[in-house]
Amino acid sequence: MKSLIKNYIFGVVIASLVIAATAQQQHDYCDVLKKSLMFYKAQRAGRLPDNDIPWRGNSALNDSSSGAPRDKNGDGNLSGGYYDAGDHVKFALPMAYTITMLAWAYNNNVVKVEQCNLTKLFLEDIKWGSDWLIAAHVSEFEFAAQVGNGQADHAYWGPPENMTMDRPTDMISADKPGTEVACEASAALAATSMAFAQKDPEYSATCLNHSKQLHVFGDKYRGVYSDVVTDAVTFYKSWSGYKDEIVWSSVWLYMATNDTQYLTKAQSDYSTFAIGALAQKNSHDWDLKAPGIALLLANLTGNQSYKADIESYLKWWMPGGGCPVTPGGLSWIRQWGPCRYAATTAFLATVYGGDSYVKWAQSQVNYILGDNPLNMSYVIGVGSKFPLNPHHRASHHSPTNNIGMPVQNTYELTGALVGGPSQDDSWKDDRTDYVRNEVADDYNAGLVGVIATLINKDSKPTN
């Protein structure tokens with residue numbers, strides 16, 4: 001079965017050559033990638049190891065699972081990780097999804113990332129999240145699915161360093177299952193184990209061990225996580241259910257181990273769970289992994305059925321395929337974070353390869369980076385015109401718990417992808433409009449992926 005992995009890698013190389021030949025260099029992709037990765041440093045919780053984001057400091061040091069020992073600094077075992085968006089809750093499902101996508105982007109573009117001189121930063125971003133996932137896996141069948149209460153957190157408008165509210169921890173277990181969270185964490189740690197296989201074999205092995213256990217946990221004790229972690233329903237309800245995460249985890253474990261039992265299981269469950277149908281006329285995101293599963297299995301096996309599923313998905317996103325398109329050319333599936341969905345599908349399109357798919361992906365990136373009716377780059381700090389007031393408590397930095405004061409955000413949230421325009425291409429730089437102006441870990445994950453894939457010989461290394 002090593003030939004399958006080799007075929008997949010060969011496919012990635014061919015796709016990269018197509019991209020280099022097809023995409024015209026209109027942006028400094030290494031610079032965009034660096035800024036997009038720096039966004040995650042602004043999202044860090046816990047005790048910070050550097051001053052790369054000078055307006056951020058230590059926060060949430062008491063985050064912990066019940067009865068867990070403190071570290072040498074007295075910090076809780078769950079103090080690290082990433083804040084989810086413009087708020088300060090740690091939602092394990094989108095955080096784990098983010099790490100899976102970042103590791104996927106890195107694994108597919110190791111040489112390009114090195115060309116940009118961004119290997120260290122990229123791996124730091126992945127590890128800050130994977131370390132938290134490992135810490136959250138407190139025992140074989142127990143995992144922290146959420147830290148912080150969404151309602152209490154959203155009632156506070158200030159930087160995380162000043163938080164004083166209680167931050168409860170919600171666990172999933174054999175008695176209170178949460179398959180989506182366990183299996184997404186499994187996928188994230190399998191992908192991370194691949195990213196660190198050469199750089200840190202010991203850490204890679206640790207990630208893989210947790211990944212295997214989490215896969216068994218999620219698959220053996222099946223249950224919708226948001227039925228257990230009820231506070232998550234308002235924010236990250238599992239709309240698609242857990243079947244896609246089970247297969248997603250199996251595919252990543254196969255890629256990380258080359259153990260055919262995982263591939264056999266993934267293919268069997270793919271059919272049983274009708275994953276191909278689940279992928280159609282939809283998005284690849286924190287909730288639904290079906291499109292990415294079809295893509296990975298197509299590239300791994302060359303099976304025509306998987307190819308048909310991913311091509312049908314991609315064609316629906318392209319002009320005339322069925323997905324709504326703004327007058328300016330953004331494939332606009334829904335109002336909340338349309339740039340996030342377009343960027344993520346553009347990443348899938350570039351990984352799959354092919355002139356038409358890459359051309360479409362390039363058009364979406366161009367739109368997001370400023371080639372649109374407003375000439376607005378929706379990535380902060382990129383281009384000459386970009387959002388100044390994202391819906392983000394830390395960068396706004398209100399000392400009075402007031403979303404309106406100060407009038408302008410105090411700090412630039414460099415590299416963050418905001419939600420994006422309405423279907424008519426209209427958009428306003430309004431902090432209170434969280435639909436169009438919030439940022440999130442999962443928003444940037446797809447952007448990082450497609451930008452990394454578009455890097456070519458003309459991209460210049462960063463300092």
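Cβ atoms are placed via backbone N, Cα and C, with glycine included.
Any TrEMBL annotation is an automated prediction that lacks curation.
Taken from TrEMBL, the feature signal peptide covers 1-23.
Mean pLDDT of the predicted structure over the domain 'Glycoside hydrolase family 9' (29-450): 98. The annotation domain 'Glycoside hydrolase family 9' is assigned in TrEMBL to 29-450.
Nonlocal intrachain contacts for the region 'Disordered' (51-73), taken as residues 6+ away from its ends with a CB within less than 8 angstroms of a stretch CB, comprise 38, 41-42, 44-45, 79, 81, 88, 90, 136, 138, 144, 147-148, 159-161, 163, 167, 169, 171, 394-395, 397, 410-411. The feature region 'Disordered' is assigned by TrEMBL to 51-73.
Sequence annotations record features per position, and here TrEMBL assigns active site to HIS391 (among others).
Taken from TrEMBL, the feature active site applies to ASP429 (among others). Take the CB of ASP429 (active site) and look out to 10 A: across all protein chains shown you find 17 other CB atoms.
Close to GLU438 (active site) in the fold, though at least 6 residues off in sequence, lie ALA85, GLY86, GLY337, PRO390, HIS391, HIS392, VAL418, GLY419, each with a CB less than 8 Å from its CB. Annotation comment: TrEMBL describes GLU438 (among others) as active site.
Summarising the environment of HIS391 (active site), the number of other Cβ atoms within 10 Å of its Cβ, over all protein chains shown, is 25. DSSP places the residues of the region 'Disordered' (51-73) in helix, strand and coil in these numbers: 0 helix, 1 strand, 22 coil.
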